[in-house]
Amino acid sequence: MAREKFERTKPHVNIGTIGHVDHGKTTLTAAITMAMAARGGSAGKKYDEIDSSPEEKARGITINTAHVEYETATRHYAHVDCPGHADYVKNMITGAAQMDGAILVVSGADGPMPQTKEHILLAKQVGVPNIVVFLNKEDQVDDEELLELVDMEIRETLSSYDFPGDEIPVIAGSALLALEALSSNPKIGDGEDKWVDKIFSLMDNVDSYIPTPARETDKTFLMAVEDVFSITGRGTVATGRVERGTVKVGASIEIIGYVDTRVATVTGLEMFQKTLEESVAGDNVGVLLRGIQKEDIERGMVLAQPGTITPHTKFEAQVYVLKKEEGGRHTPFFPGYRPQFYVRTTDVTGKIESFISDEGDEATMVMPGDRVKMVVELIQPIAIENGMRFAIREGGRTVGAGVVSSILK
């Protein structure tokens with residue numbers, strides 16, 4: 001069967017459902033796909049089609065995630081939903097499914113719970129920029145005042161993690177009752193069912209509140225170097241995949257990492273043995289550089305638009321440590337541990353100086369399966385920025401995955 005061509009007519013946005021276990025994330029995901037299908041978007045997905053999510057690997061870690069897609073009048077959405085709490089932690093830290101925004105699902109009957117707070121904290125630290133709240137199970141709350149209290153509590157919780165709690169849209173409803181109405185009448189329209197209207201309202205708010213992200217090609221140029229060779233009489237070629245932005249022949253770029261930053265001019269671009277005038281995000285390209293010797297550049301360095309990224313050695317990161325069953329360590333590790341940090345295209349040795357718990361206390365050791373904040377000092381400077389992902393490796397196997405939350409030095 002021929003694959004459907006992906007029609008790119010509307011702007012694309014990546015979102016996901018986050019929140020405490022059993023507050024209704026998957027039910028809401030199913031209700032959204034069916035509500036958008038009723039409005040004339042793509043086909044709906046039932047609860048069990050979403051819940052039986054396949055495993056995928058990101059940075060050597062197995063994660064269960066369900067991906068669904070749907071359309072509103074103005075946008076195309078890719079939506080990720082994870083069945084288990086550990087899958088969320090792993091997904092958000094590895095960036096397996098990047099989120100431009102999230103729908104935080106909170107049960108109106110229970111209010112914010114420990115995982116609600118943990119997901120908000122993670123969203124903040126891994127750089128999920130915007131959150132819209134769905135206050136679920138409204139039908140189970142008899143007292144209107146109780147719902148208002150939960151609304152206030154969620155807003156305060158969001159504000160305490162530096163999200164704009166007062167501005168964030170909070171839509172109350174019942175994902176289950178909406179899903180039941182949609183299952184009995186898949187063509188239901190606006191104004192025909194109170195609960196389905198709440199789902200329509202939620203997505204109208206997601207459309208208007210979550211901004212369309214900048215496209216990768218509009219960002220500043222960055223490419224991690226994978227390989228280097230020299231062409232006699234022409235100069236040195238660095239190959240790699242353009243991570244973001246665009247680069248043109250004749251442009252000045254910086255070479256960053258390990259040693260002092262150098263500036264070079266791009267004298268040629270090649271892809272699949274053909275020359276290009278310009279290369280864009282996603283291209284695997286050879287970049288010909290003038291005035292640079294083969295010894296001056298190596299795998300793991302990056303080429304970037306001048307002044308946009310700087311080399312650093314010390315940072316704070318949010319890290320998930322693999323369990324033994326996931327191929328991780330069998331034993332805990334302590335401050336002073338020196339593994340390899342695999343960043344973009346290469347390993348750099350680093351020392352873990354300290355661990356910090358969510359409460360801000362210093363921890364003395366980390367067990368396999370833990371999520372922890374740590375301070376790392378690398379032995380060589382490399383190009384680092386907030387939100388950058390990395391893997392922690394020891395003897396060739398992945399023992400953890402992390403995301404940079406702040407740069408210290």
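Every residue gets a Cβ built from N, Cα and C, even glycine.
Per Swiss-Prot, the listed range annotated as region 'G4' is 136-139 (candidates: 8-11, 52-55, 136-139).
As annotated in Swiss-Prot, region 'G2' covers the listed stretch 60-64 rather than the other ranges in 60-64, 65-69, 355-359. Taking Swiss-Prot as the reference, the stretch among 81-84, 109-112, 349-352 described by the feature region 'G3' is residues 81-84.
Residues 23-24, 27-28, 105-109, 147, 172-177, 195, 198 of the same chain lie 6+ residues outside the region 'G4' (136-139) yet bring a C-beta within less than 8 angstroms of a C-beta in it. Note on the region 'G2' (60-64): its mean pLDDT in the predicted model is 65. Nearest Cα neighbour of T26 (Mg(2+) binding site) among the listed binding-site residues (G19, C82, H85, E138): C82. Sequence-distant neighbours of H85 (GTP binding site) (same chain, 6+ residues apart, CB-CB distance under 8 A): V21, Q115. Least packed by the Cβ count within 10 Å, out of the binding-site residues D22, C82, is D22.
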